[in-house]
Amino acid sequence: MREIVHIQGGQCGNQIGAKFWEVVSDEHGIDPTGTALGDSDLQLERINVYFNEATGSRYVPRAILMDLEPGTMDSVRSGPYGQIFRPDNFVFGQTGAGNNWAKGHYTEGAELIDSVLDVVRKEAESCDCLQGFQVCHSLGGGTGSGMGTLLISKIREEYPDRMMLTFSVVPSPKVSDTVVEPYNATLSVHQLVENADECMVLDNEALYDICFRTLKLTTPTFGDLNHLISAVMSGITCCLRFPGQLNADLRKLAVNLIPFPRLHFFMVGFTPLTSRGSQQYRALTVPELTQQMWDAKNMMCAADPRHGRYLTASALFRGRMSTKEVDEQMLNVQNKNSSYFVEWIPNNVKSSVCDIPPKGLKMSATFIGNSTAIQEMFKRVSEQFTAMFRRKAFLHWYTGEGMDEMEFTEAESNMNDLVSEYQQYQDASAEEEGEFGEEEEEN
């Protein structure tokens with residue numbers, strides 16, 4: 001089967017990951033001890049995408065949990081599904097990375113990385129036909145960003161032909177958790193551009209907005225935010241895990257969404273988002289799902305798709321619905337808002353339909369868009385980076401761990417190149433074919 005090995009790193013990654021395993025276990029009818037209590041055969045038919053069956057038909061997540069300090073892991077272990085993980089798959093150090101990318105990537109993280117890779121190998125070997133890896137991490141801290149990107153590049157070396165999907169929480173525009181976020185994020189993006197296949201970009205502020213505006217939660221907790229993220233994570237792979245009429249997998253997604261190899265940073269969204277109290281009063285239709293799905297307020301990262309154009313997009317529907325209706329709605333969106341789609345990629349929306357909806361809903365949809373507007377986010381981080389780097393603020397923490405200023409300059413220019421690539425394709429039109437083709441060859 002098409003297995004996916006899940007890796008979570010750092011505090012943010014571990015908290016998102018823990019929530020994700022609650023959601024997936026629930027979907028497959030697995031209780032916190034790993035016993036199957038489901039009422040349907042479909043839940044177990046392809047459960048081995050995310051779970052390994054151990055002795056006594058216990059299901060164990062194919063999850064690897066890593067951190068440079070034991071704190072978050074202890075709280076995962078004492079959480080609702082803490083006992084379901086394989087104890088050997090908790091890999092942690094004692095020192096912590098202290099929000100320092102260099103510690104995660106070069107010093108502390110580098111010492112721990114071999115033990116993580118051993119666990120990765122063990123998990124990969126127990127797979128029948130490994131499809132790829134999914135990594136949860138944040139780009140603002142030290143472990144998730146520094147050690148996370150180190151692990152991604154090591155896995156890339158060892159499994160060059162497997163998909164590498166990341167769920168990356170980027171620093172938010174208004175709320176900052178650490179002062180050195182712009183440094184950590186820029187250094188991480190520098191790595192992700194080269195080594196990841198698909199990056200789902202998330203950020204806390206956009207998630208907070210969804211909780212406030214749409215879900216009407218007055219004081220959203222990180223648990224609420226992580227729940228939104230895990231809905232998307234489960235939606236992306238539901239086609240692998242449940243039978244459907246139009247299937248998608250990580251590789252099909254990549255082929256349909258990535259027109260140019262470096263432009264693999266996606267906005268994601270999930271529908272229906274309704275406040276907890278009003279859920280049962282709404283019957284959903286495909287047009288309603290579609291409308292909410294393309295809504296800018298629904299995007300889980302702080303970039304506005306209306307400020308750019310979609311290169312490609314993918315809609316993953318779940319539930320019993322007619323594929324004809326799905327296709328009509330998708331076509332409808334493209335025809336009505338044609339200026340928001342680049343005209344040199346015709347029919348650039350891929351859709352897939354999976355028959356089994358998530359718990360408690362009749363139908364749902366997950367949206368993944370490759371929009372040039374994501375450059376807003378990179379621009380924002382880059383400006384903050386430049387402001388600090390110009391004065392060499394906080395740089396001694398990084399050079400003290402053996403980093404070179406050169407590396408910062410490289411990361412900065414790589415990020416700026418990425419922004420201008422997005423801009424170039426946003427401005428490109430189908431008529432300029434001649435000069436456009438020539439530009440490409442020079443690069």
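Any Cβ shown, glycine's included, is placed from N, Cα and C.
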Listed co-binder of GTP (same site as Q11, E69, S138, G142, T143, G144, N226, source Swiss-Prot) among N48, N204, N247, N256: N204
Entry from the binding-site residues list Q11, T143 having the most other CB atoms no farther than 10 A: T143
Packing count at S138 (GTP binding site) (other Cβ atoms within 10 Å of its Cβ): 30
For N226 (GTP binding site), nearby residues of its own chain (Cβ under 8 Å, 6 or more apart in sequence): Q15, I16, A18, K19, F20
